[in-house]
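Trainee: Dumping the structure here so I can ask a few things about it.
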Amino acid sequence: MRLTCRLLFAGCVLWSFSVTAAIEPISTSIAVGMAAALTGFLARYQNVLYYFQECCRPEWISCNKTGLKNDLNTKLYGQHVAAQVILKAVTGFMNNENPKKPLVLSLHGWTGTGKNFVSQIIAENIYEKGMTSNFVHLFTATAHFPHEAHIDTYKTQLQEWIRGNVSICPRSMFIFDEMDKMHPGLIDSIKPYLDFYDNLNGVSYRQAIFIFLSNAGGESIVQVALDFWRDGREREEIQLKDLETALSLSVFNNKNSGFWHTSLIDKNLVDFFVPFLPLEFKHIIQCGLAEMVSKGRAPDKEVVETMARDLNYFPKEERVFSMQGCKVIPARLDFYI
């Protein structure tokens, strides 16, 4: 059996090594002595350490409200409801040094509407290293929890991973992608960490952030968007109150959702159900132009419009909303350039 040992100092993971269970006593003494010596040295030069090594400190973790607002307003297209909710929820939570519970956001909508992109924007405006931070943890249902027969093992592993990482850094972020593909009941295993507890077994989870991403509930969001369009109302008139209740019920009662009959919803532990609206032709154009810039090319509206017209839209005759959203644009655009 192998054991992994980590040296922690002031919220930083500085040194990690693995040993076998049958380690020699002298090796253990050397390792402990080295750790003690290194700890003493670092105590004298900790300010230098904070500069070079990512730590769970304000130098590395703080909310850039101006950056978050700018990114949501200029990089996220067609999602005025989501942008408003995310900005207020995240900045309000991060400005509170002693929140009553972790921040729990559930992002819903069809593929390509910006859910993953928004989770990246949030991470980039809180953590200096963004999605590559040691304190940002991404779980994908099909990759991390593929087999229903192993659900009990997954529950234990998930609990241990969250507990261990929050112990290292209370301001940790956990992102769960493909919640619509997660086995029902699995996510209930972390319910205690999302609740109103000061601490559990000496660990406080109240400063952590949990973000769930799901396609579930997309149909109810699309229906509201279609109703507004058919009534001749502007898309920007849609508000959170027009969607949130129907969305939470839809997700809760969807047997194909990881949230099916979950106590997270039943006990009101999800702070916001954030709807992502289906994108229109004009939003696809915006995504295409931005993609050209990211590829180092001069934006060419004619090329982007040609690409956008070849995508699928619904309703079939009116072609109002994109079926694929912006997710396919990076690959599709290469064909037209």
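Every residue gets a Cβ built from N, Cα and C, even glycine.
Sequence annotations record features per position, and here TrEMBL assigns ATP binding site to Gly109, Trp110, Thr111, Gly112, Thr113, Gly114, Lys115, Asn116. Here TrEMBL flags 279-336 as domain 'Torsin-1A C-terminal'. Annotation comment: TrEMBL describes 1-22 as signal peptide.
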Trainee: Just checking, which of Trp110, Thr111, Thr113, Gly114, Lys115 (binding-site residues) has the fewest C-beta atoms within 10 Å of its C-beta?
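Mentor: Comparing Cβ neighbours within 10 Å for the binding-site residues Trp110, Thr111, Thr113, Gly114, Lys115, Thr111 has the fewest.
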Trainee: For the ATP site (Gly109, Trp110, Thr111, Gly112, Thr113, Gly114, Lys115, Asn116), what does the 8 A shell look like? I mean other same-chain residues with CB within 8 A of the CB centroid.
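Mentor: After dropping the recorded site residues, what remains is Phe117, Asn215, Phe276, Gly325, Cys326, Lys327.
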Trainee: Which one, from the binding-site residues Gly109, Gly112, has the smallest tally of other C-beta atoms lying within 10 Å of its C-beta?
Mentor: Gly112
Trainee: Validating a neighbour-count step here. Other CB atoms within 10 A of the CB of Asn116 (ATP binding site): how many?
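Mentor: Step by step: centre on the Cβ of Asn116 (ATP binding site), count other Cβ atoms within 10 Å, giving 16.
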Trainee: Could you please provide the mean pLDDT value for the domain 'Torsin-1A C-terminal' (279-336)?
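Mentor: Here the mean pLDDT over the domain 'Torsin-1A C-terminal' (279-336) amounts to 94.
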Trainee: Count the residues of the domain 'Torsin-1A C-terminal' (279-336) that DSSP assigns to helix (H, G, I), to strand (E, B) and to coil, and report the three numbers in that order.
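Mentor: DSSP classes over the domain 'Torsin-1A C-terminal' (279-336) add up to 31 helix, 5 strand, 22 coil.
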